[in-house]
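Input: a single structure, listed below in structure tokens.
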Amino acid sequence: MLHSRLDYKKMAGQHLLVLIVCLILLKFSATFASKQNTTTLNEAATCIDGASITLTFGFYINSCPEAEPIIFSWVEKAVSDDPRMAASLLRLHFHDCFVNGCDASVLLDDTPNFVGEKTAAPNTNSLRGFEVIDAIKADLEYVCPQTVSCADILAIAARDSVVLSGGPGWEVEMGRRDSLSASKTAANNNIPGPNSDVATLVSKFQNVGLSLQDLVALSGAHTMGKARCSTFSARINSSSSIANSPDVNLEYLESLQQLCSQSDANTTLADLDHITPTTFDNQYYVNLVSGEGLLGSDQALLTGNEETRGIIECYAGDMGAFFEDFKMAMLKMGRLQQANGGDGEVRTNCRAVNQLGS
Ligand code: HEM
């Protein structure tokens, strides 16, 4: 009896000890968690120093861990419904980044008192995928409201599109802010046109801080997707200098002439890579070497400059080298930002800036 009373006392003492240890642990983990949250919030806040934003890996790891899986599953569905969508989403990110940085300015709709970028020459009747971004954004707003920026959605969707098409994967840097405005003029000026010569292409890339090598690597995105006949008419017009360049593949050009003579040049489409049109591989470069690049600007990369030709020949023979350089160049392009990058917001609807007070 005495024994068991002692045992009880001992047990009670042990329980008390366990309880105290638990409380200490609880307190410690709460402090740790709150510190972690503070760090994250602080990181998000200090990342914006008024002039630029520092992008980070795993930016949403605490605030919205579901973000990347949600984006991936929507892109996966969109690409399985329409294989061209992978190309369209990749291009959206490019057209966003080249106009005052990757800030989702390309997604803003025109309104009676606002002109966005959608009607700029390189975009109008051409850019696709806005509905996919809308669906992703709606889902993310439901799961983690006002957290994931539209600009980050574009960057992640571009990566997922490449992966789903057989290309390389990479970790996307995040923490971009969505713009409060857009610039149709900058969209017209900054995005290169399909009849550009190499010097123009190089200078448009250098204007935003991307190198000649980045230009050749990123052009490899034309390993998938389509272009309208109107964008390569100079390439197939036998009197143009582009059509008469030394590396022309006549059989290929004749097939394009035939395709485009049949119907409306603004709606008829040809594959940018006619051998493996929906696969992300190095076939684009192989095509250039054999004179089968679709756009004048693509083929010009081979014929117009010794340096770009050398890189093309390297990628044509080494898919691994292309994948490595493409990843690096996508990361560099994904870092382009406005001078006042910190002025942005996280839009709740990618097509419109938030209302004041929201
Ligand atoms: C180097 C200069 C570039 C020029 C002159 C150029 C031009 C074009 C043109 C004219 C089209 C066809 C548009 C249409 O017919 O509606 C196109 C499509 C495409 N571009 Fe580029 N582009 C360039 C660079 C890039 C870059 C850097 C990327 C991405 C990293 C890219 C990704 C794409 C994709 C994937 C498509 C197919 C889109 C679809 O099928 O919806 N382009 N490009």
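Including glycine, each Cβ sits where the backbone N, Cα and C put it.
From the candidate list Thr200, Thr223, Thr348, the residue TrEMBL records in the Ca(2+) 2 site shared with Asp273, Thr276, Asp281 is Thr223. Out of Cys47, Cys64, Cys229, the record in TrEMBL bonds Cys144 through a disulfide to Cys64. Residues Pro192, taken from the recorded positions His95, Val99, Asp103, Ser105, Pro192, are distinguished by a CB atom under 6 angstroms from ligand 1. Shown in sequence order, Cys102, Asp103, Ala104, Ser105, Val106, Leu107, Ala151, Leu154 are the residues of the chain, 6+ apart in sequence, with a C-beta less than 8 angstroms from the C-beta of Asp96 (Ca(2+) 1 binding site). Sequence-distant neighbours of Pro192 (substrate binding site) (same chain, 6+ apart, CB under 8 A from its CB) are Thr200, Leu201, Lys204, Phe205, Ser297.
Note: the Ca(2+) 1 site is recorded as Asp96, Val99, Gly101, Asp103, Ser105, Glu117; in the same chain, His95, Cys97, Phe98, Asn100, Cys102, Ala104, Val106, Ala151, Ser179, Ala182, Ser183, Ala186, Ala187 also have Cβ atoms within 8 Å of that site's Cβ centroid.
Following the DSSP three-state reduction, the secondary structure of Asp96 (Ca(2+) 1 binding site) is helix.
Ranking the recorded positions His95, Val99, Gly101, Glu117 by the distance of their Cα atoms from the Cα of His222 (heme b binding site) places His95 first.
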